[in-house]
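What TrEMBL says about this protein:
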- ARG237: active site (ACT_SITE)
- GLU266: active site (ACT_SITE)
- HIS285: active site, proton donor (ACT_SITE)
- 5-319: domain 'D-isomer specific 2-hydroxyacid dehydrogenase catalytic' (DOMAIN)
- 108-287: domain 'D-isomer specific 2-hydroxyacid dehydrogenase NAD-binding' (DOMAIN)
Amino acid sequence: MKPSVILYKSLPDDLQRRLEAHFSVTKVPNLDADTVQKNADAFKNAVGLLGSSEKVDAALLDNMPALRATSTISVGYDNFDVDALNDRRVLLMHTPTALTETVADTLMALILSSARRVVEVAERVKAGEWTKGIGPDWFGTDVHHKTIGIVGMGRIGLALAQRAHFGFGMPVLYNARRQHKEADERFNARHCDLDTLLQEADFVCSILPLTDETRHLFGAAEFAKMKSSAIFINAGRGQVVDENALIAALKAGEIHAAGLDVFEQEPLPMSSELLTLPNVVALPHIGSATHETRYNMAATAVDNLIDALNGKIEKNCVNPQVK
Ligand SMILES: NC(=O)C1=CN([C@@H]2O[C@H](COP(=O)(O)OP(=O)(O)OC[C@H]3O[C@@H](n4cnc5c(N)ncnc54)[C@H](OP(=O)(O)O)[C@@H]3O)[C@@H](O)[C@H]2O)C=CC1
Ligand SMILES: O=CC(=O)O
């Protein structure tokens, strides 16, 4: 008999078949308590769990005593209680590298669209406001040769630095817990403390994971340190930013604009004041959302689960020590 797994995300047909070749698959719409209760036996017997975005905590794990591996279709895993997984010796697999370049492209898109006001002026064209040659009130600011400050010089931070340095001639500052020789050598990047980065960067770009240390890292004090011409970009996690402080800084002109792919609450509620500000570009968490990359992420996650349940955890494993 094939081992049982729970799938809580739709997969392309060929990947679903690949999963079914190895496992007996129970597909569920989400991991809500109600869903778990309705499928109690399947959750009780499952050795694997595959999906994305749902919370995987101790309460869920208590209903899955046979679980040996979870596989998330994402690189971020802040929605997993890793301590609870470790306590139960459950492996956590994720999809770094599959999405790195695409997310760096999204960051560049946010930088360009907020500096050049792409969304705002395109809306004006659609609204019929382009009736004569445009004047300074439609102008944006340059991106090339401005200083970029990257907070989080991991896989995606490096790919962003590459674009900024080679594509746009931008001096690169970065903050991370440690110095990254590759960034220094390849992109002439300068490691600095957060305050220096905030004070010197024209674009402050956050691509941090959400952890206890990074939660609300950007608050009123940090926005106050930025240049009034600075543009703040966030494609890491929404909770890394105190959104009320960001709104206040934008309204007070403490910073010039923001380009955001992630928010404290997702989907972003229509009541959010961010949606009323013309100098905000708000995207619906599309960092990795291309057909190619989402397919590659799903394929990686399927392979990760097959590998993990066969004891192969050389790559893409968050907690190999529990094996
Ligand atoms: N918008 C979207 O759709 C997407 C968002 N993401 C988000 O981007 C995050 C980063 O992904 P990726 O680049 O692959 O991850 P990495 O683990 O490769 O990089 C994370 C970086 O953050 C740094 N960092 C962590 N904690 C701190 C801290 N307290 N202070 C300063 N720097 C810190 C790390 O520092 P050090 O190098 O010193 O360890 C590292 O440089 C993901 O965790 C996810 O949340 C990812 C994909 C898509
Ligand atoms: O936010 C997306 C991820 O892969 O993490």
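Residue numbering: from 1, along the chain as shown.
Using N, Cα and C of the backbone, Cβ positions are placed for all residues, glycine too.
Structural mapping of features recorded in TrEMBL.
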residue : record                    : DSSP (3 states)
ARG237  : active site               : coil
GLU266  : active site               : coil
HIS285  : active site, proton donor : coil
Here the active-site residues are ARG237, HIS285; which one has the lowest number of other Cβ atoms no more than 10 Å from its Cβ?
HIS285
Hey, how far is HIS285 (active site, proton donor) from GLU266 (active site), Cα to Cα, in Å?
8
Residues near GLU266 (active site) in space but at least six apart in sequence (CB under 8 A)
GLY238, PRO284, HIS285
Looking only at the domain 'D-isomer specific 2-hydroxyacid dehydrogenase NAD-binding' (108-287), what is the mean pLDDT?
98
